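> What Swiss-Prot shows for this protein is this:
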ACT_SITE  74  active site, charge relay system
ACT_SITE  149  active site, charge relay system
ACT_SITE  173  active site, acyl-ester intermediate
């Protein structure tokens, strides 16, 4: 159920907030064993939050904007008093001593926390297969992955186990699973939402954002969690607009740029290409002007990302040494031996792989050839976007080259797995807002996502375009049966 449907239930007195929240837990208890979208649920706290909202309703008091909306949180975002594991053996028993800014703003806005969702370990992956708590399944086909790293968040929304979820996006980790699961996923401008309380992966790329059933729900959450934060020096001190104001504005005359390089890439699945191009035709029928643009270095984004992100990860994850917190090995005759064993036993294969890549890229004699060169290419990618936005208002691409793949397909082929992020990483490298919306299905019945990229702090523009498309695209409003 989306926010508006839930509000109708509440305001018409068909159900109390407590009853609605309890219904979600009943569904989770009965069905999440098939999906494994949650690492843990927080039923007692959720019921208490729901009762508080019910009291406000009974007393005819003004309700906060997200009053009674059941929301799940990706388990790399700190929630005070609740385990924040990053789906890793390293933090399996870590309980956060403070609340992240983003989740704190959600609860202040009346949102209700249902629990913490599964992810790839430390958010490093594209399939949610590397979690120490097990693989998450795609509700559209439980033999397939939900995408990653926010796969648990996307799967929980698609399965109806929450009304919305919060994820993090470093190279596509909100948008790619949103595409695979047939829901909406928004990565805001870098700095639009505070990263305080988000366990760091790659600090110049990470961003928190919503995964929802509808574009308007994403706009509501973005409005609630955005804004300056004294705890995050990278958080922008810019006014936060009401993203709902212009959602229904006509897009007649909107200039949408079709990035030529994306549609010519040999890895793009023909069914995905056909569906997204049909979406382009729909935008044109709605009054948008379609313009082909070139971003010559767009496809260099994936190689650039897989130097920069592991480099930053190797520095950020150096703190997990078994001394202050996190997993500590019982073996080791001295500090160095204990630290080495703690990291070897605490981190999974993919995390260790990325730490090694990053350490190598930053090492003496190689940083010029790899890390510094990647930063130069990153600047060129941003310049390509700058040039494109001189001609158009919004850019359009497929979200992913393919639909959801089978579990295990790329477990032993990390390079092919990395290509899942081919079309999403450039927006992270440039710090731009981007949204994935459903645009159709392939012949197997699997969802296909369409990505809209906006200029810096122009979330309102991509939300408007996405919402008009969503309203028009009645044919794709299906839900998975599992």
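Each Cβ is built from the backbone N, Cα and C atoms, and glycine gets one as well.
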> Can you tell which of 149, 173 has the least company, meaning the fewest other C-beta atoms within 10 angstroms of its C-beta, among these active-site residues?
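Taking 149, 173 as the active-site residues, the minimal 10 Å Cβ count falls on 149.
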> Return one of helix, strand or coil for residue 173 (active site, acyl-ester intermediate), based on DSSP.
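It is coil.
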> Among all the protein chains here, how many other CB atoms are within 10 A of the CB of residue 74 (active site, charge relay system)?
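Result for residue 74 (active site, charge relay system): 32 other Cβ atoms within 10 Å.
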> What does DSSP assign residue 74 (active site, charge relay system), in three states?
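Residue 74 (active site, charge relay system) sits in a strand per DSSP.
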